[in-house]
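Here the structure is laid out as structure tokens; the discussion comes afterwards.
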């Protein structure tokens, strides 16, 4: 039906059918086509290997590209290697520059965050002192710490939100400040212990320490990574010194620890701080040297700290009375000590920043140099390419003409192949194209499908020829689209007859019956929605017959070859269709047995004697004739009651179709 097109609701022959197709040219291989072009131009191909590599074939389009590629390779290959090496260095340098910038930003943020942690630690110590010895003096000390913490929080340049932390109070700066103020206001309402206050602030500070770790760890820094690890260790040591200070304030304010756990927490904080400093020394001698310098400069101030530490470690609470003055003295001295540690942290941050700045300046210089080299290469490369292009311009003007002709030949070949595959199976067509003899072949297992339109003679008599063509085109176009979904081959359409086979020419075991049954069932269901174009409201009705058996297939004719089927199976399948009923799928006993062995199909035996008394079927089945109706496929029923059908009439064939059924 592809030879017709619709125009103004009429069927007209398609203009595509007027184009000639040169099958001999379309079947030529690329090597044959190349040889034909060479002979046409009276040129000979070189068989010498060296000539092929050095010169190539300047005539064909492929040879032209090869020649141009060879000439450009000699010049551009070394240049491409240089560009690759330079580009690799450029990317590494840019990456290092970006990493250094990120590291500097992380260091700057860590200094801001460290300042806020410092004030949070002081607030923690004063809060623990306040709940340990509630009074106007301790309350005043605590209230002085609140503004410092709030100011440090406000001075943070940004507020990172870690995906690892799902706590709502840390999702923004305002939420955290609200969370902190709520705790401050509720301090007098609940009888909190010093230990609870220490744990509350320590939990908050641990979150900020995690942020510091993430900020510094994500900023990869290359050669100075050990110094950054030492920087992190100093931050951790400062926090544990703050915990030691808070526990010591409680100790001197109350005259001792209320529980053994508090004493153990003090020892743990002091020991971890010392161990962290030793770890810092292993990673960076510079960090430890800066710490030692700060310690020597404040040796007189730190002497009382050592004495008070020994006092707390001895834990002689029975000999010590609670004293706010002693607690303040401990707090002030430990604050000086912690400031020394923080001073070391800031000095180390400055050293790292100087190192990163120097490295960034070096990277910038490298980037500028490489950019200049790239600029020169980008200028030289086009000049080289243009020069080579002009050298091959004479060859190219011949190649363009040859390439266009080759494309036209390939296009015509595709058209020829498409038309040939519509007339013959692809496997058979390929053998014919290779000038191979296609012998007739017997297929032991196959199933044949026949269908025709019920009342076609009556419909044709009341319709114009163009309306009949339009009707058949709409029906068989729908059929052609649906059968593409199944392992079947469309043999032929003659008039209103439609013939399909499965198992030929491709063997598919016993699945041929299943494929035909499913296809037939699908076509019947599709007919529910398909109306006759020039008779609105009237739908197509079909008679369908199927039979399985042995067939012989072969190509008949030379001028217009056709792929035809022969054998008794074809005649029986035709009889099954002609003796069928409207919109019902009539199956022979052979097909029934195969479908039963496969499963998934519901079939009912035909009860009337129309098929049983047919002499042709009695001769084919040796006297006993049993036929069946296909009712369900995988649980889906056919709906024939909803389809209007014509009264049964004698089955007539269009002229010229009789020879087909005798196959």
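The backbone N, Cα and C atoms fix where each Cβ goes, glycine too.
It is 74-94, from the ranges 74-94, 95-115, 116-136, 137-157, that TrEMBL records as transmembrane segment. The feature transmembrane segment, as given by TrEMBL for the ranges 364-391, 392-419, 420-447, sits at 364-391. Residue counts for the domain 'Guanylate cyclase' (447-577) by DSSP state, with H, G and I taken as helix and E and B as strand, are 54 helix, 41 strand, 36 coil. Listed by sequence, the residues of this chain that lie at least six past the ends of the transmembrane segment (364-391) yet keep a Cβ under 8 A from its Cβ atoms are 68, 71-72, 75-76, 79, 82-83, 86-87, 89-90, 93-94, 97.
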